[in-house]
Amino acid sequence: MEKYLSAIILAYIVIVAVKNPLFFSPETLFDMIRSGSGVMLLALGVLLVLVSGGIDVSFTAVAIVSSYLSVLTILNLGIDNVILASIIAIAIGTGLGAINALLIHYLKLPTLIVTLGTMSVFHGLMAVLFGTKSYPLGQMPDSLANFGSANLFTVNTESGRYGLTVFLPIVVAAVVGIWFMLNRTLLGRSVYAIGSDEESASRLGISILKVKLFVYCTTGGLAGLMGIIYFSELKYVNPTSLVGTELMVIAAVVIGGAKLTGGEGTVLGTILGVVTVQLFDKTLVFLGLSSSWNDLFFGSVLLASLMVMYRRQRLADRRNLVFVAS
Amino acid sequence: MNTFRNLVRADRNFNILAVLTLAVVVTMVAVLGDRFLSGSNMQSMATQIAEFGLLALAMGLAMLTGGIDLSIVAAAVLSAIVCAKFLSGDILTITDSNSGLVMGVAILAALVTGVLCGLLNGLLIAKFSIPPILATLGTFILFTGVGMVITNGQSVAVALPAFANIGIATFASIPMIFLIMCVAFAGLAFFLKYTRNGRRIFLYGENSVALRFSGARNERLILVTYAVIGLLVGIAAIIMTSRVNSARVGFGDSYLLQAILVVVLAGFDPYGGRGRVGSLFLSLFMLQSLQSAFTIMRLDPYMKTFIWGAMLLTVMVANHILNQQSAKRPVAALPPQAVPKARENVGVQK
């Protein structure tokens with residue numbers, strides 16, 4: 001799956017580059033890294049959930065709720081510190097994730113419907129209890145705004161100065177961490193195990209509840225961190241944004257080869273999926289197409305890769321006389 | 001008395017729902033009085049329920065097969081855009097003499113678009129074995145994309161004033177679109193109960209492998225089911241266009257969550273095989289009563305979101321507890337006449 005997706009990405013890059021050489025500039029690259037950082041964090045969480053055999057649509061609400069509450073907290077405390085804000089957001093996100101995990105584990109219902117419910121409850125309750133006042137640049141904590149424009153280094157070109165965002169090391173750390181956990185630890189292998197077959201995994205002595213708590217808490221924590229990065233990057237704290245884009249993130253992870261039936265999915269595939277989304281998002285202008293074409297391109301690539309992926313599975317199943325409930 | 005007890009046991013879900021609906025309606029009447037009971041409120045409720053009811057029916061049908069259709073709203077919006085395009089005079093020039101013809105073409109175009117969208121979903125699910133949730137996630141993005149490319153994100157206005165009459169027209173002071181919805185409900189109830197394909201949809205949701213080995217053509221069944229879903233979506237799109245008098249991408253986004261809520265509330269099993277059209281009608285009515293009460297009380301939209309989500313979770317927790325209790329009840333305790341009845345209906349009933 002990764003090879004196939006890499007081929008699509010390469011072909012697309014070649015087409016764009018031939019059509020418009022301006023595409024190859026540090027500006028485009030840095031811009032994509034900056035705006036893709038948040039999505040990448042969310043996508044890692046979604047990957048974990050998909051590998052464990054579930055689907056979570058509440059993570060955008062978790063991101064907004066935890067980071068908005070964290071911003072309110074540091075505004076009220078008067079401590080203007082982005083690290084403290086991140087810690088609070090991650091803590092709240094983890095807590096909300098735990099609620100998801102407990103509901104999913106004890107209700108034994110489709111995770112989509114459970115998280116659809118928690119999404120509305122989390123976001124609705126926050127808006128009812130704490131309001132939906134937004135904080136523009138002048139009113140939001142300065143440390144967040146500075147964090148959003150901080151750069152590792154800057155490059156001077158004819159058209160101006162461009163910096164590589166400080167989000168990059170955070171995202172790289174998260175990617176490496178999740179990769180290591182999924183592939184090199186017993187806990188990570190348990191996530192794959194319960195995704196493939198919960199019954200067998202439980203007979204192996206894996207605690208389903210513990211693994212699910214881990215999966216949904218990590219997803220919540222990543223979402224909380226993403227919320228802070230999101231507000232910092234936009235330099236605008238708006239508690240009504242982001243919610244509603246969750247299906248796009250799930251689609252990005254699915255395009256990378258993670259299967260909804262669980263037990264399959266790689267970190268590399270997820271990275272490629274996010275890159276695909278970002279490419280269509282940022283570079284269709286280089287082809288002279290308006291952003292109206294985003295969804296059409298993305299939807300077609302998603303459906304094409306789903307068709308390739310599941311057609312192969314279907315043929316294999318038929319050959320082995322496996323009749324799965326499809 | 002015994003028959004009554006059996007009746008209550010036979011469909012507990014339906015009975016709980018009926019009591020709940022009654023409770024909601026009584027509370028509404030008690031709290032809001034005439035403002036709720038007034039003819040104008042009843043009429044506006046019947047108008048608002050129509051397009052949403054059709055979408056919920058489509059979602060319910062998908063859930064009977066153990067699937068889900070995330071693309072219904074996107075498909076409805078796309079069909080509405082196609083419909084509005086024909087009515088805007090961009091494709092066919094509208095003159096005084098051909099307005100009836102243009103309207104006919106537009107309605108047909110909306111229905112065809114809806115069915116094609118449904119068939120695409122069915123094709124992906126049946127022929128490629130893509131799980132319904134992923135296939136419809138993909139088509140959801142694709143349909144939105146096609147709509148965006150056609151309209152460039154702008155709203156398409158209807159240039160034919162007569163078209164709005166569909167949304168306004170009444171028959172014996174009952175809105176016509178409400179009657180259309182009722183006909184769709186009755187038609188689907190008949191289809192599910194009395195036709196071979198209808199019965200097979202339940203069995204497919206219960207155990208698709210068993211259905212395959214019983215000699216049914218699973219793939220064709222799924223294609224037919226999703227085509228019917230598409231048809232319902234197309235009808236919803238026509239109502240949508242005539243009510244709003246325009247169409248644009250992003251309209252009715254909140255319908256998706258609410259459609260799933262209504263269907264789960266009506267006792268449809270998300271894993272497939274269980275669900276009644278009658279229950280769906282009741283839960284739709286209950287939700288619409290609440291909705292209009294919220295409007296009369298001028299409730300914050302986020303409060304509504306919260307209440308919908310909380311209701312969805314509560315219903316699921318309640319169902320879970322009830323199911324666990326009925327699983328614990330020993331089989332021998334069942335009344336003797338209930339046992340052969342249950343055997344006769346294995347896999348198909350309820």
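Glycine is no exception: its Cβ is also placed from the backbone N, Cα and C atoms.
Record features (TrEMBL):
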- B:14-33: transmembrane segment (TRANSMEM)
- B:54-81: transmembrane segment (TRANSMEM)
- B:101-126: transmembrane segment (TRANSMEM)
- B:133-150: transmembrane segment (TRANSMEM)
- B:162-192: transmembrane segment (TRANSMEM)
- B:221-241: transmembrane segment (TRANSMEM)
- B:247-268: transmembrane segment (TRANSMEM)
- B:280-299: transmembrane segment (TRANSMEM)
- B:305-322: transmembrane segment (TRANSMEM)
Practice item. Sort out the residues at least 6 away from either end of the transmembrane segment (B:280-299), same chain, that have Cβ-Cβ distances under 8 Å to it, and list them. Key: 14, 17-18, 20-21, 24-25, 28, 31-32, 35-36, 41, 44-45, 48-49, 52-53, 56-57, 60, 185, 258, 261-263, 265-266, 268, 307
**Study point:** Top Cβ-contact partner of the transmembrane segment (B:162-192) among B:14-33, B:54-81, B:247-268 (pairs under 8 Å)
**Key:** B:54-81
Point to revise | Residues from the same chain, set at least six apart from the ends of the transmembrane segment (B:247-268), whose C-beta lies under 8 A from its own | key: 13-14, 17, 51-52, 55-56, 58-60, 63-64, 68, 70, 72-73, 76-77, 80-81, 83-84, 144, 147-148, 151, 153-156, 237, 240-241, 274-276, 279-280, 282-284, 286-287, 308, 311-312, 315-316, 319
Study note, to complete from the structure: One stretch in B:14-33, B:101-126, B:305-322 has more Cβ pairs under 8 Å to the transmembrane segment (B:133-150) than the rest, namely B:101-126
Study note, to complete from the structure: Comparing B:14-33, B:101-126, B:221-241, B:305-322 for Cβ pairs under 8 Å with the transmembrane segment (B:54-81), the winner is B:221-241
Review point. What residues in the same chain, six or more past the boundaries of the transmembrane segment (B:101-126), come closer than 8 Å to it by Cβ-Cβ distance?
Key: 67, 69, 71, 75-76, 78-80, 82-84, 86-87, 92, 94, 132, 135-136, 138-139, 143, 160, 162-163, 218-220, 222-235, 237-238, 241
Check your understanding: Mind checking which residues reach the transmembrane segment (B:14-33)? Cβ under 8 Å, same chain, six or more beyond either end.
Key -> 8, 265-267, 276, 278-279, 282-283, 285-286, 289-290, 293, 296-297
